[in-house]
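Worksheet: one structure, shown below.
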Amino acid sequence: MGCCKVPALIQAQVEMGLVNDVEHKSLFRRDTDSPQRKASSLMEQGSLSPSFRERATKTPNNSVLQSFKIVILSNKLNLLLPFGPLAILLHYLTDNKGWIFLLSLVGITPLAERLGYATEQLACYTGSTVGGLLNATFGNVTELIISIFALKTGMIRVVQLTLLGSILSNMLLVLGCAFFCGGLVYSQKEQVFDKGNAVVNSGLLLMAVMGLLFPTVLHYTHSEVHAGSSELALSRFSSCVMLVAYAAYLFYQLKSQPSSYTALTEETSENEESSDDDEDPEISKWEAIIWLSILTAWVSLLSGYLVDAIEGASVSWKIPISFISVILLPIVGNAAEHAGAIMFAMKDKLDLSLGVAIGSSIQISMFAVPFCVVIGWMMGAQMDLNFQLFETATLFITVIVVAFFLQEGTSNYFKGLMLILCYLIVAASFFVHEDPHQDDI
């Protein structure tokens with residue numbers, strides 16, 4: 001019995017030694033691997049510097065022909081690109097403003113989508129902060145360019161209605177389609193998003209409504225201290241305040257509230273690891289910058305012909321200019337946001353969908369609108385925040401409806417369908433609405 005116990009004891013000690021040895025080796029291996037794991041974790045959370053991210057990103061080395069194939073020939077929507085030069089050709093060969101407007105509108109659609117693509121490619125080489133700013137800025141560059149061209153020609157109402165329509169389109173149509181498509185894919189559950197961010201965004205949208213509401217109320221109550229000038233002065237002061245508020249919002253979101261994006265990053269880290277190959281950039285950083293410049297210049301050129309043909313298209317088609325500005329133009333300008341928001345919702349990333357749809361609405365209402373007022377001030381144009389009673393009431397009711405849909409922090413296909421139907425009501429309302437200020441267009 002004793003002889004049997006001794007070998008068993010020796011065997012147990014040997015096994016314990018082997019276990020300790022294995023544990024020691026595994027711990028040593030864990031320590032050697034930890035810097036790489038920490039680096040990848042920090043890079044996913046956006047904590048590393050953009051230069052480190054750039055070094056870690058695979059930079060493609062494309063020729064000019066390869067870059068052209070990737071950006072221009074890889075997307076079927078680019079089959080619409082020839083309509084742009086055709087619109088310019090028709091401008092010099094005929095006076096049919098309806099066809100010129102339609103072809104310009106169709107030609108700008110793929111350019112808006114490619115602008116979003118080039119921005120995403122450039123964002124691969126920057127940190128999450130700069131990437132988010134790039135997506136927000138270039139996502140609305142089409143509306144800004146059209147607005148600036150309209151301001152140059154004195155078409156103030158077109159500027160106001162186009163920006164208003166972009167806000168309504170993002171809040172109702174883009175967000176509604178995202179909720180609807182995401183709800184159909186995940187019909188067995190309710191999708192969730194960050195309710196805290198949604199409340200902050202709703203508050204900012206209500207602040208934007210406040211900025212537009214007071215000049216309108218001042219005008220319609222005839223309570224101005226100096227008739228005609230107090231309304232414009234209030235609009236310019238409110239625009240400066242709104243620009244300061246938007247800058248503070250960016251600082252709050254990107255610097256003071258980094259933890260709000262950490263949870264989303266941790267939840268989707270496994271999916272990101274499995275799809276690293278898909279998220280590698282297809283073009284280099286300088287290729288993305290060059291393509292952004294080319295596409296922006298081409299959008300600017302087509303926007304000039306588009307704005308010039310709006311009034312003629314309204315007459316030839318017998319469609320109100322308000323419907324063209326509020327409904328048709330924003331749908332084209334929001335093509336990139338529309339596709340991106342739906343794609344994120346179908347991947348159960350509703351926070352990203354809200355960032356695209358509501359974030360774009362905030363940028364237009366808190367940045368683009370007051371920015372156009374300031375630019376008009378510099379140009380000598382009397383661009384103000386009095387969007388007229390019908391338009392301001394439409395925006396106010398829309399913000400209230402969207403805020404109610406966001407307050408629970410959940411979404412489903414029914415909420416999306418309701419938002420889409422609300423947008424149809426808005427579109428029908430502007431189709432039968434005659435703008436009393438046609439002379440300003």
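Quick reminder: no glycine exception, Cβ is built from N, Cα and C everywhere.
As annotated by TrEMBL, transmembrane segment applies to 77-93 (among others).
The transmembrane segment feature in TrEMBL is assigned to 99-117 (among others).
The feature domain 'Sodium/calcium exchanger membrane region' is assigned by TrEMBL to 99-254 (among others).
Residues or ranges marked as transmembrane segment in TrEMBL: 129-151 (among others).
Feature annotation from TrEMBL assigns transmembrane segment to 163-186 (among others). Beyond the ends of the transmembrane segment (163-186), by six or more residues, the same chain brings 140, 143, 147, 205, 208, 325-327, 329-331, 333-334, 337-338, 341-342, 344-346, 348, 350, 353-354, 356-358, 360-361, 364-365, 368-369, 372, 387, 391, 394-395, 398-399, 402, 411-420, 422-423, 426 to within a C-beta distance below 8 angstroms of the stretch.
When Cβ-Cβ distances below 8 Å are used as the criterion, the transmembrane segment (198-221) is approached by residues 167, 171, 230-231, 234-235, 238-239, 241-242, 245, 249, 354, 358-359, 361-362, 365-366, 369-370, 384-389, 392, 395-396, 399, 402-403, 406-407, 409 of the same chain, each at least six residues removed from its ends. The feature transmembrane segment is assigned by TrEMBL to 198-221 (among others).
As annotated by TrEMBL, transmembrane segment applies to 233-252 (among others).
According to TrEMBL, the transmembrane segment annotation covers 288-307 (among others).
Here TrEMBL flags 289-430 (among others) as domain 'Sodium/calcium exchanger membrane region'.
The transmembrane segment annotation in TrEMBL covers 319-345 (among others). Sequence-distant neighbours of the transmembrane segment (319-345) (same chain, 6+ residues past either end, Cβ-Cβ under 8 Å): 101, 105, 108-109, 112-113, 115-117, 139-140, 142-143, 146, 157-158, 161-162, 164-166, 168-170, 173-175, 177-179, 181-182, 185, 191, 306, 310-311, 313, 352-353, 356-357, 360, 391, 426-427, 430-435, 438, 441.
If you look up TrEMBL, you'll see 352-379 (among others) marked as transmembrane segment.
According to TrEMBL, the transmembrane segment annotation covers 385-406 (among others).
Long-range contacts of the transmembrane segment (413-432) within the same chain: residues 168-169, 171-173, 175-184, 187, 319-320, 322-323, 326-327, 394, 398, 401-402, 405, each at least 6 residues beyond the stretch ends and with a Cβ under 8 Å from a Cβ of the stretch. Per TrEMBL, the feature transmembrane segment maps to 413-432 (among others).
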- Note on the structure: Per DSSP, the domain 'Sodium/calcium exchanger membrane region' (289-430) contains 120 helix, 2 strand, 20 coil
